[in-house]
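Chemist: The domain 'Fibronectin type-III' feature in TrEMBL is assigned to 1-37, 43-138, 244-339, 345-438, 445-545, 641-734, 741-776. Per TrEMBL, the feature domain 'Ig-like' maps to 142-237, 532-634. Residues annotated as region 'Disordered' in TrEMBL: 334-353.
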């Protein structure tokens, strides 16, 4: 029976039929509902255990693959204690969802679980049984995290509420403690402004109402369970006005000024101190109020001026931050007066080192009376005058001064006073009178004489003047000598004559004898002590091998242009004076001029040319030896003519020139060649190329049949040299060869004694017109 309407009730009947007809119907007693057949569902699948604790466990599963033809009404959860055989139902009512938390477990026991599905047809078979699950709390160390807005700290103004929120996890659930600066936070500790932390699983919130500056600090939340401790901290800054500055003191008190100094507040109010406000008050008058000295002070120090001497003052200072000004720090009363007095008078000055225009005045440091001495004033007076004149324009920091600009012959006295912060003190007693004049004493000894030169009969000496001339110019010097084996010193000077300079030559000595020498200086006061004596000096000629120094910029190679003058100067040294001579390539240079003295020799070649290039030598010879020095001279000029100029490969429009390099390159690298041509009928040479770098060149653009001469010149950086020219003329034409044979020879009319021949000219005439034919 098909096409029934689902869930409708139907009656059915049936009758039998044969040939005669149908019999009676057989009917159902009860109606039939048109519905699919129903059966219990399949068991649930994928049963899993989650979050086991000591009291509960959470189960999840998936519905049966087949619901039995009827909607699943719910699920039955069963458990089995380990060691027992009977399953116990866990839920009183069918569970409509796919998860269920089984509670009431006994801590430490192990359980297995299974789930059945139920529909209108019945209860399914049980699901897959879970492994044994132990009823214990999971092990998880505690964790705590502050809210994101607290990660970098929290800043509030005074009076605002402090709210700290933290997120917590851990198993078993940890205990929570809030601390401030490592001390537990309790409402009674902060005058009941603290709201007890809100306890909601997974978070904790601490609130402090009406915050004050004292609430600032490090707030820490501490969470703890059996498996560990975790902390999270937040720096809380409560902004307020700063506290009062501290340690207000006075420095450098004067009658009309004082330096006020203080230290920053112990509490800056949680914000940087922007500036200080300093005020003063006249404490002698009660009705006088506070007057601002400065309101923009960045530092803890200020120099207050324009005080009235003898008045008593009070000072106070406020600190300001971006919140505002805090309470003041008030100073002790202060009276404007100097705490010290001017220094005492120095002792009587001493006067030393008297000259014709200066004197050195010295004194001792007096008592400073409470303030360091900052300098001294010096005064002078001519003995016949009543007026004291100040010597120095600025304070002198030393205990002596050189007084200059005195008049020679006048007698002076001096006095000194010291000055400190209170001002100058009293003057000292005047010094003893001193007359401005130079003292004259004998000079100091000269330096030990040195031997500058000697021969077999003389010695040349030199020395340095004395360091002190004794106050009078040195008139001259006395030289003394001591003979070998003698203790007596004899004057070298003739009569009373003095050597005017610091050198002399002592003649008439005996050859190979030894002498010692010393020197005395003489001024208006007399002779000085003798200088240190020389060691014994043997009298003999000094032999020195010759030395030659060429006075050239380049000693190895001298380059010059042709046509200039060659000068090779040499400095000659040696004892005795060497004899010198010049050579060129080992031979005497007759064309050269030589100028010579005892110490110098110079060879001169005027208007030099390339033939003067080569090696020049100078030789110096004396008894001590011989020395030769060489210098190579390179005379630079234009190059010579190229060699072996030849013409080849002649055509009607070009020809090839080839040549060899010149024998003489002029002393410099050849840069290229200049090639020129001339028509046989013309007189002017025409350049063929700007510059040729090789020794061959193809001359282009010739006129067919024209006759030419060619020449080539070499060029270096000094110019173009003389040319190499072709002797024979060159005709611009292609090369001529014998012609090819005539073609197409044919026999024409034949008679008894003649024959007529015809042919055509050759294909190639050999480069020239065919002039005639030979018939054989």
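Each residue, glycine too, has its Cβ placed from N, Cα and C.
Model, not experiment: these values are computed from the prediction.
Give me the structural setting of these features: burial, nearby parts and distances.
Modeler: Distant neighbours of the domain 'Fibronectin type-III' (1-37): 69; these residues of the same chain sit at least 6 beyond its ends, with a Cβ under 8 Å from one of its Cβ atoms.
Mean per-residue pLDDT, taken over the domain 'Fibronectin type-III' (43-138), amounts to 91.
Remote same-chain partners of the domain 'Fibronectin type-III' (741-776), defined as residues 6 or more beyond its termini with a Cβ less than 8 Å from a stretch Cβ, comprise 733-735.
Assigned with DSSP, the residues of the region 'Disordered' (334-353) fall into helix, strand and coil as follows: 0 helix, 5 strand, 15 coil.
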Chemist: Quick test of the contact rule: Cβ under 8 Å, at least six residues beyond the ends. What residues does that give for the region 'Disordered' (334-353)?
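Modeler: Answer is 250, 253-258, 307-315, 359-371, 373, 376, 402, 414-432, 434.
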